[in-house]
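Structure incoming, see below.
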Amino acid sequence: MYTLLSGLYKYMFQKDEYCVLILGLDNAGKTTFLEQTKTKFSKSYKGMNLSKVTTTVGLNIGTIDVGKARLMFWDLGGQEELQSLWDKYYAESHGVIYVIDSTDEERLSESKEAFEKMICSEALEGVPLLILANKQDVPNCLSVPDIKTAFSDSAPKIGKRDCLVQPCTALTGDGVNEGIQWMVKCVMRNIHRPPRQKDIT
Ligand code: G3D
């Protein structure tokens, strides 16, 4: 009887926890994306004024629940000197969201360099990768096909891990829901990185 009840309790109240990194160059829109995600997925969260968001220096964190999954986000600073800290978080992560500023063609090669360095890390092998082509609201920005073409020679390094390039406007929330739902689906079925389990009280 005890086993049955404890099984039922766990089924009802246990969440599987997944750590998801939000990476990308400074000014790509990482913090805006995190704020928008928290606003959309946490009923109790009072979103901040997105025009007041400033670039990530250090670390922003956030947690959302989607069904039985609890996603814990770490939004890491993208400035060159902070990129060297990214790999300290790789071993703990179940998913990566890589944000690209689609309006900044000048820094696209810099972004690609940081991206390639990140995906070559053994500690991220098999970890699902969501690439956000952000700021799609800006006229004449790079489209998803443009970004796929620019990043095409990274494909062999991405390998067999789950990967999606998602158009997104973090400022308005367009594409945020689709990206998060995709990430939840991928981390939950990823047998390489089992979730942490947490009883919710
Ligand atoms: P970061 O955390 O990656 O450094 P931020 O980036 O989230 O701080 O965003 C950097 C700037 O890009 C901010 O503008 C923010 O409003 C803007 N931004 C983020 N997402 C979008 C988007 O989808 N569309 C547009 N048009 N702008 C976006 P400021 O002016 O505060 O620097």
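Cβ from N, Cα, C; glycine included.
Feature list, courtesy of TrEMBL:
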BINDING   Gly24, Leu25, Asp26, Asn27, Ala28, Gly29, Lys30, Thr31, Gly78, Asn134, Lys135, Gln136, Asp137  GTP binding site
BINDING   Thr31, Thr56  Mg(2+) binding site
When the number of other CB atoms within 10 A of each residue's CB is tallied over all shown chains, which of the binding-site residues Asp26, Asp137 has the maximum?
Asp26
Just checking, which of Lys30, Lys135 (binding-site residues) has the fewest C-beta atoms within 10 Å of its C-beta?
Lys135
The record lists Gly24, Leu25, Asp26, Asn27, Ala28, Gly29, Lys30, Thr31, Gly78, Asn134, Lys135, Gln136, Asp137 as binding GTP. What's the largest Cα to Cα distance among them, in Å, rounded to a whole number?
22
If you draw a 10 Å sphere on the Cβ of Thr31 (Mg(2+) binding site), how many other Cβ atoms land inside?
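Its Cβ shell of radius 10 Å holds 25 other Cβ atoms.
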I'm trying to understand the geometry here, so how far is the Cα atom of Asp137 (GTP binding site) from the Cα atom of Thr31 (Mg(2+) binding site), in Å to the nearest whole number?
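Rounded to the nearest whole number, the Cα-Cα distance is 17 Å.
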Return only the integer: C-alpha distance in Å from Lys135 (GTP binding site) to Thr31 (Mg(2+) binding site).
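Here the two Cα atoms are 13 Å apart.
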Check Thr31 (Mg(2+) binding site) against DSSP and tell me helix, strand or coil, would you?
helix
Given a separation of at least six residues and a C-beta threshold under 8 Å, show me what packs close to Gly24 (GTP binding site) in the same chain.
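When sequence neighbours closer than 6 are ignored, Gly24 (GTP binding site) has Lys30, Gly78, Tyr98, Val99, Ile100, Asp101, Ser111, Ala114, Leu132 within Cβ distance under 8 Å.
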Taking DSSP three-state, what's Asp137 (GTP binding site) in: helix, strand or coil?
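Note: Asp137 (GTP binding site) is coil by DSSP, not helix or strand.
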Tell me, how many other CB atoms lie within 10 A of the CB of Ala28 (GTP binding site), whichever protein chain they belong to?
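Cβ-Cβ neighbours of Ala28 (GTP binding site) within 10 Å number 27.
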